There are 2 protein chains.
Amino acid sequence: MSKRPLILVTNDDGITAPGLRTLISVMHTIGDVVVVAPDSPQSAMGHAITINSTLHIEKVNIDGKQPEYACSGTPADCVKLAVNEILDRRPDICVSGINHGSNSSINVIYSGTMSAALEAGIEGIPAIGFSLLDYNWNADFEHCKLFIETITKEVLKHGLSDGVVLNVNIPNKKQGKLRGIKVCRQARANWKEEFDKRTNPMGRDYYWLTGSFVNMDNGEDTDEWALANGYVSVVPVQFDLTAHHAIKSINTWNLND
Amino acid sequence: MSKRPLILVTNDDGITAPGLRTLISVMHTIGDVVVVAPDSPQSAMGHAITINSTLHIEKVNIDGKQPEYACSGTPADCVKLAVNEILDRRPDICVSGINHGSNSSINVIYSGTMSAALEAGIEGIPAIGFSLLDYNWNADFEHCKLFIETITKEVLKHGLSDGVVLNVNIPNKKQGKLRGIKVCRQARANWKEEFDKRTNPMGRDYYWLTGSFVNMDNGEDTDEWALANGYVSVVPVQFDLTAHHAIKSINTWNLND
């Protein structure tokens, strides 16, 4: 058995995405790599899983450098299949990405990239989601590599608390030389939807979801602040969604009269 | 303009689901009801949204008692469409459910029902997801009604803190007379997956996702404890996923050397 860590690599943009291929190349400098990724893009899938239809796994050979499996399901499905059906032993870490586009602040909720990392976290595996603030399929990922290597090695060295995974976002190359890595909280932000209403050739209305991003948070300890100021943002993310601070006041309500 | 609250009702089991029809009937005792729900079941969709395909809205008449719209998207899409395209004014509250099946503990992450409530919360609308611990399509929802009415009225009276929505689960009718409502935290639990591997008539392998639920949390302040002991569980849920407690220790790592 290899002494090198076993690294599960996945994403939500699909197994041929340049962001994934970059992540694989970085992981080869750290450990033994197995790829289990969706066979087609799964962006904005949130934490969907496939329970009402079947799942397929295809062993594929893309560059001959590591075992790779294309899966018909969502990113969360890929992690479940990897851990339970594909891998001989539990991976030492799961990395997801590099996503083509931001998963900062509220985007974490909609993110397939982060859903894979969260699923690994639920299974007790240290996990990181990486995203680049560039939606372009041919984005330049070169400046991401050193940051990804540093963060992954630190996670392997220190571990992560139970129930915690990391959400890492990296500024666009165009932003110039980066200032470093900053540990942040998730900014309070949302999307202001604008549905683009159209009429199809049969006369029926349909809609495209579009919108603009609104950051309502002025804090300098947020991921949005860090990214706007040239830092790589690292947000520790949990899947205990309990709003512990709200329990006390709700207990004063008349719920049992 | 009506002085009665405007109530947006949605779900993830689809617009004809008995759980939704029960929830509508309870909401008529409280306010004016508009239904915007998926035109087909969307269970386990997590917080998916539709960005790479089109959305359709169909005005439908199921029982003639309230305006109803069937939407082609996910539960989160339904809320976005309701707020931005369908409703004349912002709803005073959004209720989602009654889900046919549990959304307690880790299930909140996979839940379409809760995704609708979270989406409303992100839009700043007080929101509650209701679920019954019975997966049967013809489950008996009668014992849920009074609890749902009480909780909804208390939310309308007190409001909810910014960024907080409620996850309400109700024991199965078979559990007998319920002991009341308990405000809880989300239990630490997960699913132990067991993939059911089969071979299709063309000789190709495929998988069904199955599994068993494992509660690893002995706390008596959890939703799992409450439900097992005959209480309706109310967990305040947040969409700030930051693991604030983890920031300090990660800041001791060598991230910027």
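Backbone N, Cα and C atoms are what each Cβ position is placed from, and that goes for glycine too.
Taking a C-beta cut-off of under 8 Å and a sequence gap of six or more, B:Asp13 (divalent metal cation binding site) has these contacts in its own chain: B:Gly19, B:Leu20, B:Pro41, B:Gln42, B:Ser43, B:Asn99, B:His100. For B:Asp12, B:Asp13, B:Ser43, B:Asn99, the entry in TrEMBL reads divalent metal cation binding site.
The domain 'Survival protein SurE-like phosphatase/nucleotidase' feature in TrEMBL is assigned to B:7-193.
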Using a 10 Å cut-off on Cβ-Cβ distances across all protein chains shown, tell me which of the binding-site residues (B:Ser43, B:Asn99) has the largest neighbour count. B:Asn99
Mind pulling out which binding-site residues among B:Asp12, B:Asp13, B:Ser43, B:Asn99 sit under 8 Å from chain A, Cβ to Cβ? B:Ser43
B:Asn99 (divalent metal cation binding site) -> DSSP, reduced to three states, gives strand
Overall pLDDT for the domain 'Survival protein SurE-like phosphatase/nucleotidase' (B:7-193), taken as the rounded mean: 95
